[in-house]
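Visitor: Pasting a structure here, questions to come.
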Amino acid sequence: MSSTGFNFQNGPGGQPYANGPLQNQVVLQPPGPGYNMAHQPPYNPMQAKGPMPPGPGLYNSGPYQPIPPVSSYQASPGQPMLNRPPMGPPHPMTPPQSTSPCPGLRMPPAQVTPALPVSANSYYQHPPAWQYGALPLMGAPPPMGAPPPMATPPLAFVDNHVTSSPNLAPLQAPSAGYSAAPSPVYHNAMQPSGPPLPPTSLHRSTQPGSAPPPMNPVAAPHTYQPGMTAPYGHPPTGPTPSMRPTPPPMGNATPPLPFGAKTDAQCGSDASDDAAHTEYDNQENDIECPGHIPTPANGAQVPNSFDHLETSPKMAGPPQQPAPPVRHMGLSYPSLPPGYQNTSASPMQAQTQPYSHAPQSYQQPSAGPAQLSPSLAGLSLQSQTPETLRVVNLLQERNLLPPGPITPPTPCLPQDLQKINCHPEVFRSTLTNIPQTQSLLNKAKLPLGLLLHPFKDLSQLPVVTSSTIVRCRSCRTYINPFVTFLDQRRWKCNLCYRVNDVPEEFMYNPVTRSYGEPHKRPEVQNATIEFIAPSEYMLRPPQPAVYLFVLDVSHNAVETGYLDVVCQSLLENINALPGDSRTKIGFISFDSTIHFYNLQEGLAQPQMLIVSDIEDIFLPTPDSLLVNLNECKELVQDLLKSLPQMFGKTMETQSALGPALQAAFKLLSPTGGRVSVFQTQLPKLGVGALKSREDPNQRASAKDIPNLSPATDFYKKLALDCSGQQVAVDLFLLSSQYCDLASLACISRYSAGSVYYYPSYQQQHNPAGVECFQKDLKRYLTRKIGLEAVMRIRCTKGLSIHTFHGNFFVRSTDLLSLPNVNPDAGFAVQMSIEENLVDMQSVSFQAALLYTSSKGERRIRVHTMCLPVVNSLSDIFAGADVQAITGLLASMAVDRSVTSSLSDARDAMTNASIDSLTSYRTSVLTIQQPGLLAPACLRLFPLYILALLKQKAFRTGTSTRLDDRVFAMCQLKYQPLAYVMLMIHPALYRVDDLTDEGALNISERAIPQPRVQQLSVEKLSREGAFLMDAGSVIYIWIGRNCNPDFLTQVLGVPDYAAVPQNMNLLPELDTAESQRTRAFVGWLREQRPFFPILHVIRDESPLKASFMQNMIEDRTESALSYYEFLLHVQQQVSK
């Protein structure tokens, strides 16, 4: 058994798993024989601990049977089945009193008038905008000073799973191949209808010139490595487990590859990667970090480097000596204060109307996070134990699921800061209480990381137009609600503590029409805000929206019928494509040759140009293959109408996908844009040709799954080329045969694209799949898009980000290149604590996304989150976000599966729950009692880990197609957390007795809210109907003796036998029951951007097996039941 755990940093034993070579790899010290508190590594949350008892051989769906108390569990070797204990109240246990902030903290009351709350779920299409460009000034602004010289951050090729490299590479400028119309600018200042906004208690005034508390730097911690604890092992397969604990194996346990390490076979030709892609890697280096604009040898500035895009020259005031630095990030999005929702004033009103108030003496704002009371640690758990730390015996309490959605924990901050913190759907941390030191984090055995949904469709997004974007002169943090105003003219950065001057333009607030109240500006009132960027943030004119469709037209593709759906959907939505008057469009089709389409204005009909030399692809008429959509719309429509018939009788069976992608890259390189590729089979011609690597006979029996890594590096290298030219590739795979998605998905992963997978797609035989494809395609074509984007995440000094998860390419150590960004993409990062945070009461995080809108505006979306720092283990556990932890571990496990093995990933996930509950038992609980004890906030952690082990991406012992498994891994890596959790742990509801009691009222519709049920056959009833929401699919299971009223009034059938075998649509019946059921299903579908297929199934349905596989708490032939898994965890925890 290998000693397996998730590592926070790449360790020894191989090259980092990277987009390209890291020239100077960090060699980490090998681990010692045990935990040495003098050298604290980042915690490796998952370490294999030893063989789990063999798994059962029978499927058990019966109820639990009473068994003796927990303390007397013993079983004979031949015991056929494990029984569950009776339910009973938990033992009264109280954890130790805490000495640091936690939920339930009582802060001194702040003298503030809170802003009116605004619902986070209301949506409107036209967010408020402020114009700050032309404002009456009280005087000339202070002289502009150049920012202090700072070194350009290091660059390296780094993968989606990345460890930073300290190397520096020269920057090169991209070419601008076109000109663009000037960007539209918002000019409407907002006029308040009520009194001026009161001061908010976001900032505590300090004496001018006072410095922040001193920080004690400590040596950087070592990395925690596998092998430091006894191996556990993952749940086994085989006969029923014995209850007698077995000692861990000793001796020749071999550590796996470090998390993120990569073999040569997986890397491909790193040298060629480096040579081929250095130029593109350096184009978008640093839009947000401080530093000089890079210069070539002759000293002339390189105007087209992204290095200086966010180093705005309009920073008022001379350079100042920075205070001790502190960086941080944000996790929620705010509501608008009352004045921001009013109607807009005339564009000239703010300029012509005199100030409503003369310059006033500065009113002291209230406390900011940097000045939280030093007595914060004493306000924690003195009165009572918070609910999150209530002790739960998992072996006795069975009904752990809450009746409704699980809400994330609220950071323990003063109430005024909590209100404006970033919304958890946008920015979320695995720990809402940040440990003071890495050693404390290691002791908790919980992973520290962030989950982001940065381009999410938001109902309330304040948009600001200003000639000056105020940022810290040192760390380049954007001004945000968590900074501190020392007085009217100075503010202190909440990431690095530098004191900055307030620019003159920032003194005027057109929302309140007042002067001298910078703390009331929307930038300081909203944790999520968007700026319309001035010209300093542009390297070239903003690129137009360019859409290129690459279509498989081989015989196999035509047989599926997908081409009709694509062309019809484009015809219906062509006017809804995001863009402006500059939008361009083009088409390429391919089989064994490549077909281009001349759509030049003036032609009577489109012309097809065939290039048969796929070994040396070229563009036959480069100037007429991409055309202006508005000018050539009729030709485009003619082409879309004729394409399906054009290849209707083709007998060409080959697919030259690689050459078609090369042609697309050549066509879009001058401008950038989006490539939409539709593929239906394994490509077997030209570059990028692939061979089948799947053995169907080994799907169920193999313990380790081979071929999860790419077979060739062609698609990865091409994706890096595309990323360098601002081209993203989205892949639609519609196939009933193996297509090697592990290789093909690289083209989207490294170019910030998306992957869509429709197995067994066939227009005539799979109408549900066709409907799903149509709905997904409509969303894909019409959703907003961000072009030529880059994103950087900043955090308080002392914290460091070392690993990223998602679809992107890392241009430098922390800058993500996103040629396209879409509102359905999620990201995750892993973090560690490099320096002690002892003198800090809070830390902050900020994510900045710079992108070009489809209308040609350069915009910056900024999210900021503030979290408290704590110094006790009980507070760390109290702030644990179990869903965020599960989502981050899922991404880490995907990387481990590819770089090491699936069994290592499974071991590591199991060990994550064992380690955390062991730490809780030994270090937090004061009264040791029998059972498996967990804090209430982590009561679902073992259940989620078991759900991951049974999820399609990681399960073993069940026949799972390789492409299905790889696609599930792709989804876990780049989907936002809310959608990932439904994939991991579906929601089960009883729907044959829906009522309006407790219903939501949305748009004059009553949405029933049935209780969430446990995923066990025990909860099913033959007399009922149950709906299972598994994310991408919704099942409605009908019991054999289901209520006849439900059958007739909801399904429209007279009895159970009349339920169709393939039913994918609920009929619209004029009954209250039908309306309730359809409203509930519609509401579930509206919660996500993709379209889940609906299957109505009964006992005889072929899909019943898929429905039952999601019954996570039940035993299967190859996996333990939830109760048996808990017993295994208890054995390991009790050692």
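Quick reminder: no glycine exception, Cβ is built from N, Cα and C everywhere.
According to TrEMBL:
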type     : residues  : note
COMPBIAS : 1-10      : compositional bias 'Polar residues'
REGION   : 1-104     : region 'Disordered'
COMPBIAS : 86-95     : compositional bias 'Pro residues'
COMPBIAS : 175-184   : compositional bias 'Low complexity'
REGION   : 175-372   : region 'Disordered'
COMPBIAS : 233-258   : compositional bias 'Pro residues'
COMPBIAS : 340-366   : compositional bias 'Polar residues'
DOMAIN   : 469-505   : domain 'Zinc finger Sec23/Sec24-type'
DOMAIN   : 542-781   : domain 'Sec23/Sec24 trunk'
DOMAIN   : 786-870   : domain 'Sec23/Sec24 beta-sandwich'
DOMAIN   : 881-981   : domain 'Sec23/Sec24 helical'
DOMAIN   : 1008-1080 : domain 'Gelsolin-like'
Visitor: Between the stretches 469-505, 881-981, 1008-1080, which wins on the count of C-beta pairs under 8 angstroms to the domain 'Sec23/Sec24 trunk' (542-781)?
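Guide: Ranking 469-505, 881-981, 1008-1080 by Cβ pairs under 8 Å to the domain 'Sec23/Sec24 trunk' (542-781) puts 881-981 first.
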Visitor: Applying the under-8 angstroms CB criterion, which one of 469-505, 786-870, 1008-1080 scores highest with the domain 'Sec23/Sec24 helical' (881-981)?
Guide: 786-870
Visitor: When the domain 'Zinc finger Sec23/Sec24-type' (469-505) is classified with DSSP, how many of its residues are helical, how many are strand and how many are coil?
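Guide: Counting residues by DSSP class gives 2 helix, 12 strand, 23 coil.
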Visitor: May I have the DSSP-based helix, strand and coil counts for the residues of the domain 'Sec23/Sec24 beta-sandwich' (786-870)?
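Guide: Per-class counts: 0 helix, 57 strand, 28 coil.
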